[in-house]
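Student: Sharing a structure, written as structure tokens. Questions coming.
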């Protein structure tokens, strides 16, 4: 619009609704049932009938030296499971977790610890006898066996565990448990399968938007977020809007992990993306594993679809929570009742009967009492004035001790007499007085 200097952009796009992608938030109560249970070291020790120190050492790092005397350049052998690190905090997703300076272990971790204790009792016995030591020696652990052979068997068994290939994650990461992620994958796959069977007709329409309502992916945006006010949470549905993430622009996914940082530059989000386009290079490289496309990105790579739904839902709930104010209903009804009041009306005087005064006569009284008669009438009053008793005009003025003569009381505006009567009455009541100096000047002039 050139007159108003406004511009609009016409876009041909599919109608956006909740039916074109899976709604993960409705499945959250069901997904919580698949979350893992974690236990403290003492709880694990009570179940396995050992000490909490043994559980803590087995899941960490155990240094074993070859000789009784620690050599200067001796390299120890780690025979622990290495599932955790204290400084900096690193944990094994699905097995260990540190919350409020306390380590927790899952059921899968407890099963592996139990196997460790059954297969290698010599190490457990040495740990029980020397819980405060940091270094242990082969000769003390296996005095009657070949220590090298025992260590090789132990290391081979540790490498065969499923935890050996899983890297440790930073303690700042907040990641969903693996069973929950698997359920999300199943629900997404089921959604797209059912949607393909229905064969929905994709209708495209032309919409007009203001430029500030649209986002255009560009390399010149740098590391700026598409929407600064967006908040990201687990289970949120997002869309990739930048190049260089490993997936095409427009690919949808679900947030399954958040690494909290100080700013958006050191905050990461792990996204489980949906099906990739068949002809894309990423789908060709991943092959059958494209459903497990998990990528860590920043917030400026994403548009959050769930955030917009939350904002709209909060605005709707706020409007519903605030009642509509009706000023007419808030006004209290006014009950009116009739009460008599005294009103005085001025009666017109007869011109023929009123005596006339000569102009030279002195004024006997400046103010003359007019003729009033009492007229009764009813006036409506409200409850607001019920606290003060009704008084007539004469009673109110007498209470103030202004004047005793009622001739100064002005008549009510509604009960004023006609204009002609008032003018004649005023002429009759006004006395005519002559200045004595003026009369003396006239007499002097006559004598001359």
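Even glycines carry a Cβ here, placed using N, Cα and C.
Keep in mind that TrEMBL annotations are predicted by a computer and have not been checked by a curator.
I grabbed these lines from TrEMBL:
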DOMAIN    5-199  domain 'Exoribonuclease Xrn1 D2/D3'
DOMAIN    231-275  domain '5'-3' exoribonuclease 1 SH3-like'
REGION    323-392  region 'Disordered'
COMPBIAS  327-342  compositional bias 'Polar residues'
COMPBIAS  362-392  compositional bias 'Polar residues'
Student: Could you give me three numbers for the domain '5'-3' exoribonuclease 1 SH3-like' (231-275), the DSSP helix, strand and coil residue counts?
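Tutor: Output for the domain '5'-3' exoribonuclease 1 SH3-like' (231-275) reads 0 helix, 18 strand, 27 coil.
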Student: Are there residues at least six beyond either end of the domain '5'-3' exoribonuclease 1 SH3-like' (231-275) with Cβ under 8 Å to its Cβ atoms? List them, or say none.
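Tutor: Residues packing against the domain '5'-3' exoribonuclease 1 SH3-like' (231-275) from afar: 21-22, 24-25, 28, 31, 170, 172-176, 180-181, 184-185, 188, 192, 215, 217, 219, 223, 225, 282, 290-307.
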Student: Could you tell me the mean pLDDT the prediction assigns to the domain '5'-3' exoribonuclease 1 SH3-like' (231-275)?
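Tutor: Mean pLDDT, the domain '5'-3' exoribonuclease 1 SH3-like' (231-275): 88.
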